[in-house]
Amino acid sequence: METRYSAADIEAKWQQQWLELGLDKTPSQSDKPKFYALSMFPYPSGKLHMGHVRNYVITDVIARYKRMQGYRVLHPMGWDAFGLPAENAAIDRGIPPAKWTYQNIAQMREQLKQLGLSIDWDREVATCSPDYYKWTQWLFLQFYKAGLAYQKEAAVNWDPIDQTVLANEQVDAEGRSWRSGAIVEKKLLRQWFLKITDYAEELLQDLNTLDGWPERVKLMQENWIGKSTGAHLEFPVVGSDEKVAVFTTRLDTVFGVTYVVLAPEHPLVAQVTTPAQKAAVDAFIAEVSQESEQDRTADDKPKKGVATGGMVTNPFTGEEVPILIANYVLYEYGTGAVMGVPAHDSRDCKFAKENNLPIKMVIIPEGGDATAVLTEAYTEAGIMVNSGQFDGLVSTEGKKAIAKFAAENGFGREQIQYRLRDWLISRQRYWGCPIPMIYCDDCGVVPVPDSDLPVVLPEDVEFSARGGSPLAQMADWQAVDCPCCGKAARRETDTMDTFIDSSWYFLRYTDANNTEKPFALDPVNDWMAVDQYVGGIEHAILHLLYSRFFTKVVRDRQLVSVDEPFKRLLTQGMVQALTYKNPRTNKYVPADQVDPNDPKDPETGEPLTGFYEKMSKSKYNGVDPALVLDKYGADTARMFILFKAPPEKDLEWDDADVEGQFRFLNRIWNLVAGYEAAETSVKATGELSKAEKDLRRAVHTAIKEIQEDLEGDYQFNTAIAELMKLNNAIKDVKCVDSPVYKEAIETLILLLAPFAPHIADELWSNLGHSESIHTVPFPQLDETALTVDEITIVIQILGKTRGTIQVPAGISKADLEKTATASDIAQRYIAGKEIKKVIVVPNKLVNFVIPK
């Protein structure tokens, strides 16, 4: 055995041996229990970053541990390979998107292999491959056949930089595109949608079945689905047969309606606007069209409106109230209209005051004054007043009575509404999955026949600087015969939102090489659901909600039997690094140009502010994984990533701690090297000495603690701390010829194997084993080894610790008091003194109370 640990010498060797042995191949169906371990697959940017490393190492430890436990494990990897960066690279660098993407995949695949990940590369998928997106298109057609994919003209979120449409979820709280950062505009386009709203209630209710998900993620999805229970009401337009429909959760306040507001985009606006108000209304609509959805609805933004001149009748009171349009009402949400109750809604109250609209109080607190002048909205429940026949009812009773009254009179009904909107999937870009639809002048919209799939992206494409999709300019590619009538027709030129690709990839992994189907029933039902999914919290709504939706739809198409795709979800924290910024200029300064002991701006000499932030190029604080692997090896990088912080917490990069993990692996190496060099013959098993019992107890304590850490919340940091304790316990004993010592050494290496797989296999081999350590079962806990012959008892005098004694385990309370009283430590303080009281805490302490 080499006396010095060299990661460079052993890691490539073992990676090659694992490949030759096929250790990472997914076993076929058997009597063994299955475990599906999955990391969210990456976008192939071409370079691994530390966030990737953390994600994939966490999943790999789980996969390796489960294999050692006797599970057959599916641990695949692939590439979320469609998307704008490849298209922008074609524009900026003149490289075709496919070439750029596949080059990046090749680079990142090798980087991942260097980490020693136990991935079954035979199941690798790339969403940009026609072999994959053929089935993405096929699944889209399943949605279409089920009535879940449809077209409509809609005011959509338009990214003016990337020249494409965004889903609501892809616009941040400031109204900016999630990718380009541009202020999003509204634009009317005919688009494809998926009817996720058909599954809103099931998506909401099934969150209750996801016991293995973080509560935070479930709450985010619950809020996004946004279920509201209320009523649908119709206000007749004066002088017209039209009605303004509204949804309200405060039916008890309907007698306080003093105006109705339409969204500027509402189709009734043109009909209800009077000639006198047309100019003002048109100007207001033009002004609002320049505002983002977020600006229009944010609490801290002004709520602006203008009167249309039209009126509606409150069906409960017969009173006519004005119709206004306002920026804070969105046509895409609810009915696109709201009733204004300024006495009992803070936003309505502010809007009414600014527009000189009346305020009518109809709810008062119990014991309140119905004639009092309101200075601000009363928004709580209470007693109904000024509400005709419903006066005196409490809000809850009033809601029910009014709902019944409205239903009986034909102008309202109880209703459930969701904040969730249908999923807009059309994108005006090239590098995405083509939507498999055809437009025929005679037959209308026609699906591409299954036999003609995939609709393949053309390769001879010219790109202009972010000027929309080149597919729309390619007449030859668009030209196609109609599958129904055979006449000349044209292809759809939009491609799908890339979140479609990632909404089913976990299903494809179960049968990745099937050329006849996206996946067959036997393998998909064998492996699904994913037992452990690992990825970032940033995907809580988008990817995770869409994946749940897709799974439910394919279940209803009898393609899979599970209701939910992911049993357990671990959302790992970010990897942060020390970041420097000049507080005067607000500019980031590269960390490698700063002395951490005296941080100064290298250009100006000004003092810098140092703090931890997520690693990123723009902050000049990234750490290249390749440099860490070159210097220390993959095992050290893995150990640091796992030890530095619990997986769900943010991790702060620290070079000194990386060095610390390298030293720890060296200590284990030296321990095994010393044992091997001693060439000690192991003596026969006999009665164990105290030292042997103590060592065996340390071994099985480590097994117990590490197993609990890997079964529960994946506290890898405390598991590695147990490895350190065990290493120290072995180092401190001298019985190297004992079978217990050999058991301890081998157990230490077995426990290390999921965390640092290369060094573990090397040390296992050096101990004379011919098989890979990754084929050996996880150590079995022997509960009897945890029992102790003696325990330590603290002796206290007047509550102050004076020393400890050893007593037999299981000693009675009375015998413990006698033994403690007779001990030299106690006698030193109590001899010849009155003992007022003796407090005995079994297995812990004895406290003597004597006169001061």
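Here the Cβ of each residue, glycine as well, is placed from N, Cα and C on the backbone.
Per Swiss-Prot, the feature motif ''HIGH' region' maps to 42-52. Long-range contacts of the motif ''HIGH' region' (42-52) within its own chain (CB-CB distance under 8 A, at least 6 residues past either end) are made by residues 79-81, 83, 85, 101, 103-105, 107-108, 111-112, 126, 536, 574-575, 614-615, 622-623, 625-626, 641, 653.
The region 'Disordered' annotation in Swiss-Prot covers 586-606. For the region 'Disordered' (586-606), same-chain residues at least 6 beyond its ends with a Cβ under 8 Å from one of its own Cβ atoms are 577-580, 618-621.
The motif ''KMSKS' region' annotation in Swiss-Prot covers 614-618. Averaged across the motif ''KMSKS' region' (614-618), pLDDT in this predicted model comes to 82.
A sphere of 10 angstroms centred on the C-beta of Lys617 (ATP binding site) encloses 8 other C-beta atoms. Annotation source Swiss-Prot lists ATP binding site at Lys617, citing sequence analysis.
Reduced to three states, the DSSP call for Lys617 (ATP binding site) is helix. Across the motif ''HIGH' region' (42-52), DSSP helix (H, G, I), strand (E, B) and coil residues number 3 helix, 0 strand, 8 coil.
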